[in-house]
Amino acid sequence: MKVLKFGGTSVGSAQRMKDVAKLVCDGEQKIVVLSAMSGTTNTLVEISDYLYKKNQMSANEVINNLERKYAGVIDELYDSDEYKKLATEAVSVNFTCLRELAKNNFFTVFEEKIVLSQGEQMSTAMFNLYLNSIGVNSVLLPALDYMKIDKNGEPDSAYIREHLQTELSKLPADAALYITQGYICRNAYNEIDNLQRGGSDYSASLIGAAIKADEIQIWTDIDGMHNNDPRFVENTKPVANLSFEEAAELAYFGAKILHPTCILPAKLENIPVRLLNTMDPKAHGTLISTAITPHKIEAVAAKDGITAIKVKSGRMLLAYGYLRKVFECFDAHKTSIDMITTSEVGVSVTIDNTKHLDEIVNELKKFGTVTVEKDMVIICVVGDMNSNNVGFQSKIVSAFKDIPVRMVSYGGSNFNVSFLVKAEDKQRALQSLSDTLFN
Ligand code: ADP
Ligand code: ASP
Ligand code: MG
């Protein structure tokens, strides 16, 4: 069985939902994972912001506007009054839930996560009813009954596998399509939670891995992974094939088309992942598999919001155990490190989570002089960069001839070279890499 995930834009209007229905109804049984309609999760974030600030009036105004928008979509999506009524009843459960939460005098992360979960619940209910209305034998497969994260916020693969099988076995075996929610899950305390923004991709790969799917398809609004970020660079082109490792590096280092960690579950089970375009279903897209194209630089991505920390000390010279002490400061504050460079007299690292920056810096000061630089960007170049291939480094570095580079990292994997630059130089660096490597 295949798992197909459709993102927010792909289900962003009544017409788009109808187009997706045409795509998935080909007689082959599959699991369909949906995001919330585009804009909805952002609106739910806005509602939460008002409720944190105890501004119930504005929260209710936004809820009313959202409900009007959904009424419009329902009106357009279904032909019969019967289904319009069914869909209105379905989403009214979600709007009632939002209004009840808005009535409370308290609002915590617990309530926020319930608010954020409403979008996927609405899109899947509406889409499933639409399929039923056109005579397709589809059923809802509620994600909250099987998708789970543990105490560390990591997916609980064993739980997901077991409960997904159980939930599927309760549903008609001859159903044409099982429709489920991306993004939402339960946590270790059985509360409603989520897999972070953009997490529907992750849902799809976790489901695919759990059922050992034949293929995982991520359908979005672009024809696959492009060789550079199309939001910042002109003339980017789709990459036909990527290895799991290359795709994982690109996703982690900012290629928004994929959730940062969604490749790993597919890689572990060796399930090919295909990135496809809902607006242009015939386009080849990108196939992610074990195959690597030798000697090819495939793509570039950028990760924003990076902070660089340098610790300089003569004590590192010829000493052992120094780096361990430095890393322990980050470990103690559960802060992960992205890039590392070392010299005889110092070490530089980058982090993206600055929640405990002050504490970390305080402790690092025991070991040397500490400098912090904020508003940095990691530019990551991905491809077959096995050190036996000569020449790729000089080609890549030449793209930075006019751009100040703060750190360079190569050799951590065979698939990437990373550069740390100032945020203000990001666009220039991306464009220059495209011009040098691909155009
Ligand atoms: P969805 O809502 O379907 O999950 P996203 O907005 O999360 O879609 O991801 C698709 C978007 O990712 C594209 O519209 C594009 O702007 C952006 N993007 C960023 N980098 C890349 C890249 N390297 N290749 C393709 N798309 C990219
Ligand atoms: N709806 C969620 C979001 O907007 C999850 C997703 O679309 O992947 O982040
Ligand atoms: Mg996305």
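Just so it is clear, glycine is given a Cβ too, placed from its N, Cα and C backbone atoms.
Heads up, TrEMBL stuff is auto-annotated, nobody curated it.
Quick look at what TrEMBL lists:
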- 2-277: domain 'Aspartate/glutamate/uridylate kinase' (DOMAIN)
- Lys5, Phe6, Gly7, Gly8, Thr220, Asp221, Arg231: ATP binding site (BINDING)
- Thr41, Glu120: substrate binding site (BINDING)
- 379-435: domain 'Aspartokinase ACT' (DOMAIN)
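Secondary structure of the domain 'Aspartokinase ACT' (379-435) per DSSP (helix as H, G, I; strand as E, B; remaining residues coil): 20 helix, 16 strand, 21 coil. Proximity to ligand 2 (Cβ under 6 Å from any of its atoms) holds for these binding-site residues out of Lys5, Gly8, Thr220, Asp221, Arg231: Gly8. Lys5 (ATP binding site) and Glu120 (substrate binding site) have their C-alpha atoms 12 Å apart, to the nearest angstrom.
Of the listed binding-site residues, namely Gly8, Thr41, Glu120, Thr220, Asp221, the sparsest Cβ surroundings within 10 Å are found at Asp221. Among the listed binding-site residues, namely Lys5, Arg231, the Cβ with the most fellow Cβ atoms inside 10 Å is that of Lys5. Residues Lys5, Phe6, Gly7, Gly8, Thr220, Asp221, Arg231 are listed as the ATP binders, and the farthest two of them sit 22 Å apart at their Cα atoms. Cα-Cα distance from Asp221 (ATP binding site) to Thr41 (substrate binding site): 17 Å (rounded to the nearest whole number).
DSSP classifies Glu120 (substrate binding site) as helix under the three-state reduction. Ranking the binding-site residues Gly7, Gly8, Thr220, Arg231 by the distance of their Cα atoms from the Cα of Thr41 (substrate binding site) places Gly8 first. Checking the binding-site residues Lys5, Gly7, Gly8, Thr220, Asp221 for a CB within less than 6 Å of any atom of ligand 1 leaves Gly7, Gly8, Thr220, Asp221, listed in sequence order.
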